[in-house]
Amino acid sequence: DSVIDQEGFRPMHPTSVNGVDDMIRLGDLNEAGLLRNLLVRHKDGIIYTYTGSILVAVNPYQLLPLYTTEQVHLYTDRRLGELPPHVFAIADSCFFNMRRNKKDQCCVISGESGAGKTESTKLMLQFLAAVSGQHSWIEQQILEANPILEAFGNAKTIRNDNSSRFGKYIDINFTKGGAIEGAKIEQYLLEKSRVCRQAPEERNYHIFYCMLMGMPAEQKKILSLGNASEYNYLTMGNCTSCDGRDDIKEYAHFCSAMKILMFSENDSWEINKLLAAILHLGNVHFEEYHVISVDPKALEKSLTQRSFMTSRESVTKPLTSAQAMDGKDAFVKAIYGRLFVWVVGKINKAVFKPPPEDTKYVRQSIGLLDIFGFENFNKNSFEQLCINFANEQLQQFFVKHVFKLEQDEYARENIVWKHIDYNDNQRTLDVLANKSLNILALIDEESNFPKGTDTTMINKMNQVHGKGDVYVPPKNNHDTQFGIQHFAGVVHYDSKGFLEKNRDALSTDLIQLVEKSSNKMLKQAFQNELSSNGEIKRAPTLSGQFRQSLDALMKTLTACQPYFIRCIKPNDFKKPMLFDRDLCMRQLRYSGMMETIRIRKAGYPIRYTFDEFLERYRVLLKSSLCDPKVVRRNVAVYIVVVVIVVDFHDTMLELERMKELNEKALLIQRVLRGYKYRRQFLRQRSSALVIQKNWRGYKGRKLYRLGFARLQAKVRARQLQHHYQQKRVAAVRLQAQTRGYLARKEWQRKRRAVILLQTNTRGMLARKQVKKMKRDTFLSAKERREEELAALERQRRLHQVLQQKKEKEASTQSESITAQEMVDDIFGFLPNMVGGQEGQAPAGFKDLEKQGERTRPEEVDLDDLPMVEDIPEEDYDDLDEYSFSKFASMYFQGAATPTHVRQRLRQPLLYHEDEGDVVASMTVWWIILRFMGDLPEPKLVQGQGARGLRGSNMVNNSLDPDLALRQDRRLSHMVGLDQVSTTGVSQQGKKHSRIMDGIFFSFFCCFFSRQDEIYCQICKQLQENGNRSSFYRGWILLSICLGIFPPTERFIKFLQSFIRFGPMGYAPYCAKRLRRTVANGVRGEPPSWLELEATKSKKPIAVSVTLMDSRTISLPVDSSSTSKEICQLLSEKVSLKDTFGFSLYVAIYEKVWSLGSGREHVMDAISQCEQEVKRKGGQEQHAPWRLYYRKEIFTPWHDCKEDSVSTDLIYRQIIRGLRFGEYKCDKDDDIVQLSAKHFYVQHGSDCSLDNAKTVVQDCINASLLEAKTQDKWLQMVSTAHAQGPYINSRQKAAGVKAEVVDYARQKWPLFFSRFFEAAKLSGPALPKNKFIVAINWTGITFLDEKERRLLQLSYPEVTGVNTMRYSSYVSVVILLPPLREGKTFGQSVSLLTLKGDFSLNAAMAGNIAELVHMFLGGLRERSQYAVALQEVNQDDPTFLSFKKGELIVLIKDDELTVGRGWIKGKNERTGKTGAVPIDAILVLPTLTKPTNEVMSLLNLSPDQRKSIMAANQKETGTVERVAPVSLKEFSYEYFRQPIKDVNRQVISKNVAPERLWVKSREPIKQPLLKKLAGNSELSHRACLYMGDYPTKQIQSPLELTDQIFGPATKDEALRDEIYCQIMKQMTSNNNRFSLEQGWQLLWLCCGLFPPSQSLLKHTQRFLESRRREPLAPDCLQRLQGSLRYMKPRKLPPHQVEIDAIQQNSTQIFHKVHFPNDMEEIFEVNTSTRIRDLCQTISTKLQLVSSDGFSIFVKTPDKVLFFMRKLWFNVSPGRDLEADLIFHYPQELPKYLRGYHRCTKEDMVNIGALLFRVKFNNDKTQFVLIPKMLKDLVPNDMLKAMSTTDWQKNIVAAYNKQASMTSEEASLAFLKVVCRWPTFGCAFFEVKQTSDPNFPDIVRIAISKQGVSIIHPKTKDVLATHPFNRIANWCSGSTYFHITVGNLVKGNKILCETSLVKTFITVLFVCLFLFFLLLTCN
């Protein structure tokens, strides 16, 4: 035994014990292991097994639960190997790979007869139809082709009950979206001999038996048909039945399939006639041959005689009995074979959709090959040779793909590979068909010889192939059998009859007989044999046809990616659970399965190119090491072959990829669902609060009524007691409060007196101390200077000592450089003194600083003074998920990583559309590398400076030509920055400064597209940066950037998260800078030197601001500080209350400009000053800029008494302005008077000469002193001072200051104005279109560049500012996007005035609108003047009477309040006073009485004012008017070139070129857009509608709009063309009628579909520039609606829309009808959806809910009905309105038609209820019951009782229902009906042909229980199919089809009805709701 164990046996591998899914994983890789694996799985009922991607299917011979709808869903969109083996997995892989690889797929299903090939093919088709998911009719047609093909081409054989006796290739075509759009079926080699002869225990084709069993008796009688046993052709095999088939049911399915595939009734009848003729011919009874419509005598002659032509005449030869039988059989086979071909062609005509002519259209397909298996019988004939030849071809195809190509690929890739031997059948194919003189060629050759016989054929084969090892010759000369060595073994063929079968020819007599037949179908079947002139065509041989079709098949398969299914037959007895090992082993052996497993196990069947692999799986990459542009090709190939190796790896990669994609999808879903449920929760919470409120109120009232009334006595007693206690406590408390108040009042009086005393005392002491300090400061200045020099000397010496000490310690501490020292080293180039703190003061401000030094600023504790209001810090709890690595994986391009690198990038980190952005991003990266020290500095080459400059210009030119102006401002070079020599600054400083300039220059070049790119590049270099120096340099750079510009919303969270992990000190510093920058917006300039110094210390910047009283205040600022913040801090510091109009000014050299008090950045101004210094050749860090705080503008209601501090500052400003010539007086006396007042303010009544000299120096300009001597001015000022009234009156100095300020305000309004540059877009004519808008307290003035007034408007003349940004009065139309918040460019503002409306384009249009709006509003609030808008005559003296246009003086007192609509006024004309209604007057924005000019303009009508302005324009001369926006700019890029008209050029040589964007009266010959070039469909339809082109044919507007918009609704490419043509015809169109029609078209177009993104902005500008047109705002509104609703309209405009717009109405009303004969009118618009209309109707009808209701359209009237569609959860009584309006009138017709089954008692009670509904309680109408019985009783039950009995019973039931109203009766009817199971069902009367057990006409009811089939007469439920049992459904024009149960053997229901769409809609909605509820549960 031990010897046997060791030598003969070995232990079984564990994988062979229970079997494996994939035989590649078998441990016992031998034949026994394969066989055992299949055996074990077969016993367990597992019939599918993988061999890699090849499926092995064992026929179970029983129906297994593997093909349900759940299995289809389970295997959909799964990778091969992810689930257990299944034929659905192969089908899904075909579908998946077709869509993924855009390559056609095929599946070759092979195996022996009876192995299950046909069933596998049908399962593949079922799965593909299911995953297509369209439920379309074409899908069902493809599926229903199988029953027809099986009926004609399948038969029962010994091995198979449903054996396919032909081959078929089904090519299924798919759209891009994966939906089936058609199919084509190719058939191969039908076994026609089976029609005449069958082997024992075999049957003829199924169609004969099905026809005889299932055909109605009447039709069988017409065709003289009987039973199957009566016909010779059906009894040769002694078998007329098949146990596994129901021929009657199969015939019903066959007839249904014929209808689905569009076979007409005539086609079906003709087919039956031919089939009957074949059966009769088999019995050779000539009298019954009338069914083929030929002459019986001619048929007898054709079958018994043979005619042939000699050289002179036609000779007729009689045939023997055997020859006649052969001729008859050949005729029968010819009829059946050609009938089969005709049926296949008819099927293809129904299911095949030819591809469109568009060359860009790509059709994808999946091919299924189900072809006969290898056959080897006891007697094999010519058919078996052809079948086995086809199997040889398929085996070679399998061998080629699995073995040959695989191993050849490994050899080409130089992979170490051990060659695997396999059974190659190429030599067999060579002998059969490939080599010269092959066997099939020899058979064809002999067939073409008239004298060729089977014996001569076999002799030739012996002679040519007798010596080979493939051909087996006969044993002797008399033997007719020869053999072929096939891949499955040797097969011996009997050559008898080979040539006759191969010729496949009919005698000429039979063909002529067919030609004379009157049967059209017979002629169609034989049309290939008949020529057009009646001559006989010579047919090709059968083998030639077969080889040709087989070659075409192999070409098709070769072009596809193949899948293989190997079907295995387990036994020859067709028994389940029986496994024949020898039979299965033989099939496995000749199929090459052993070699297949071996090569699949060791090989690499899945291959990708490197680009394909990276493109598909880049989502799995975690690094940037796989860049397809960098990795060499050989490396890529290695990666492809080695990394992507086997099917298992491919499956794992796909699973990981799907996992990654699912995670991203889940993230998106989580956010969206969170938003959805939050919104839903808030809605539910608000609803719950309403319910709670009402319930609590109801409950409280109920409790009060029930119980609280009985407690009144006790409660009242307690209330009286409680009230007494309350009053007593209140009295005591009142006494205490009164006494306390009196005591506190006395104490406060004493305290105020003490404070007043202290204030005066301290003020006196402080003034003395200040005088002493000033005197000490003047005396000790020289001493302090000497002390400062000595301190500097000591500091220098100390520095030398420290330097020496540092040098000694450098060697030992070189490694331990601290972070602060590194920062100091980086910023070592910064000077100790930065700009703004040195240099000479600007011109005109030197008096504010002492000679030789700056005025020492006031000591301010910067730490105690907050910069701005506290900004709340972000909540960092949710920042953990916003890691920078996550952002990089989501948005970085290519293989870019989020970590530090030292090399250049190949592309930007983020995607940029503009090429200039890409170049700039790459330049920024280069600059950042240099700044951080990651890239060495370029070496300076002598003479390179100029070239460097040129190089920089080249780079800048590549970015954007519009940015050249910035070149001069800041960045002089981007490349070669170090080649320019600069003195005074270290090279390190130059490098850092210019590098940062380059970064911020790139940012400002294109802010929106690069801000995140810069931050991402910096963060990338900071992450995992091991270089300490580079790391700190990067954080410094990041902190600088954070103060200049913020990131986008997309990146800000990730940046905040990144900053948290910064080094010590930088994290909070950077976070604060980011918050500040986000709050105050993006900067407009690069950082200044002052900011770099602040970055070094990470402290606020201290800037000094000088006030006009010479005070200098030091304030803390940062990079984001705005002028508003500075002004706020200053006002708080100096206790300034009236802050309006005070602004921050910046000055340098002779330039001074205002920063305002808004959102202008202070550091931007300082940066500009540094740039100005650089332009002048100076050093930026020493820029002598200054900041000043001045008054810029007054309000019209300014009062100097409100704020003495404000008045003092303005006063100081005015005095300085007089001295430096800023303010000039027309007369010297005015200057003298101002100087005298200043004299008084400064020195009071002291008239000393020294004081006079000081005043003259303070007030008189140098030019005036030169014109007159100083003595003269002294005399004049002294005299004026002495004579001044304030001397005698002892007026306070504050009052005199106020007089000076008021004088200046009145005298120089323009000097106290805000100026804005503007350009006029439209409006009244002015001398110039570009001017300066000056706004001050007096009004608005337009000035030219020389400050000459072009137009002056007072505020009463301004009626409003029309913009979009502010409500009613203020709105700014933005034409270009803003650069940053608060700084907008390219805006326009519309100024509405009495002198005309001006549309101005200004950079600061928003500020203009805001300022004007504020002044107008403030003036109206304070105004006392109004103008009457209408005439009011009142006899009552309480009311004021006035006429229209009169001036009303408003009296504001407490008698009347504006809030109540009345105000007291005085009529200036009559002098009377009285109450004035607010709505009858217009309050004028003025504080003074309006002028007569203003009043006259107000009294004029708009047309009168326009005519006056036009007259003024004629007098002053007109100027060019700005034209509205056109498509000119758009046409340059998107329009085609103008067509050159030769005729026009000949007529006029100098004719201007065609302007395509301007109106033309001639039809355009080509579309306007380039992309539609050559398509002239849309040439001139718009011209016809607008009337621009005359036409003789009169077309209605609806026809024209259908022609214009119809194509565009179907083809998106045409939509822009429609917009362009309409706007073209509206441009420069002077025809008013044409223009109105154009606006109508544009209005319709805007509501149908929006234009593309490229045209959208031009369309909006086109409409916005024409806002005065009546339809322009509506067009804009409709356009926004089209953009809001993503899906455009599908049909052209409705007649209602066209009628409305032609009547200049934009409102559309629709009448909606209800089931109870009510109707209502509802307003709809273009974007109204069905859901919105349903909700509106439900709200108006006060329904509980709109769920279940829908809109129905009655055709052809197009009347809208609103009815209930779904009856789920309908309970009568819950919604009374719905019951009366919908439920009752909808259910009543169903009841009266007899759809419900009910008892007589129910019918009587319901009849009484219906009578009460009609007549209420009127019993006098009982006599009408017999006449109206059909309205009370179901129609099919009228004869159940006599009319008298019906009347008697109904009256009795009526009397029992006393005291019931008609509404209650309706509700009672519903409550009775709702108890029946058919309540709420949708009923359909249909004709069915699927089940012969059901009647032809049935009633189908759809309810929440499912689909029920009801007998229409007995009302019995024949069958009920729940929704979860419905596997598939689809519909055609008049048919609908439902599959119930299993996909293989499920029940099929085919019905015919005219209400197909309604039926399918109801079914689909019910299915959807059912599965939705199932999912929720």
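Each Cβ is built from the backbone N, Cα and C atoms, and glycine gets one as well.
As the structure is a computational prediction, the values presented were derived from the model and not from experiment.
Quick look at what TrEMBL annotates:
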type	residues	note
BINDING	Gly111, Glu112, Ser113, Gly114, Ala115, Gly116, Lys117, Thr118	ATP binding site
DOMAIN	18-680	domain 'Myosin motor'
DOMAIN	900-1096	domain 'MyTH4'
DOMAIN	1101-1423	domain 'FERM'
DOMAIN	1421-1486	domain 'SH3'
DOMAIN	1559-1702	domain 'MyTH4'
DOMAIN	1679-1977	domain 'FERM'
DOMAIN	1898-1927	domain 'PID'
REGION	550-572	region 'Actin-binding'
TRANSMEM	1955-1974	transmembrane segment
With an 8 Å cut-off on Cβ distance to the Gly111, Glu112, Ser113, Gly114, Ala115, Gly116, Lys117, Thr118 Cβ center, who else from the chain surrounds the ATP site? Asn59, Asn160, Ser163, Gly373, Cys567, Lys569
Any residues 6+ beyond the ends of the region 'Actin-binding' (550-572) with a Cβ under 8 Å from its own? 38, 42, 51, 53-61, 87, 90, 93-94, 97, 101, 103-117, 120, 158-159, 169, 171, 186, 188, 367, 369, 373, 389-390, 393, 397-398, 401-402, 578-580, 583-584, 587-588, 591, 593
Could you break down the residues of the domain 'PID' (1898-1927) into DSSP helix, strand and coil, giving a count for each? 3 helix, 18 strand, 9 coil
Quick note, Gly116 (ATP binding site): same-chain residues at least 6 apart with CB under 8 Å of its CB -> Ala57, Asn59, Cys567, Lys569
Count the residues of the region 'Actin-binding' (550-572) that DSSP assigns to helix (H, G, I), to strand (E, B) and to coil, and report the three numbers in that order. 9 helix, 8 strand, 6 coil
Kindly state the mean pLDDT of the domain 'Myosin motor' (18-680) in the predicted structure. 80
These are the binding-site residues: Ser113, Thr118. Which one scores highest on other Cβ atoms within 10 Å? Thr118
Report the member of Gly111, Gly114, Lys117 (the binding-site residues) whose C-beta atom has the most other C-beta atoms within 10 angstroms. Lys117
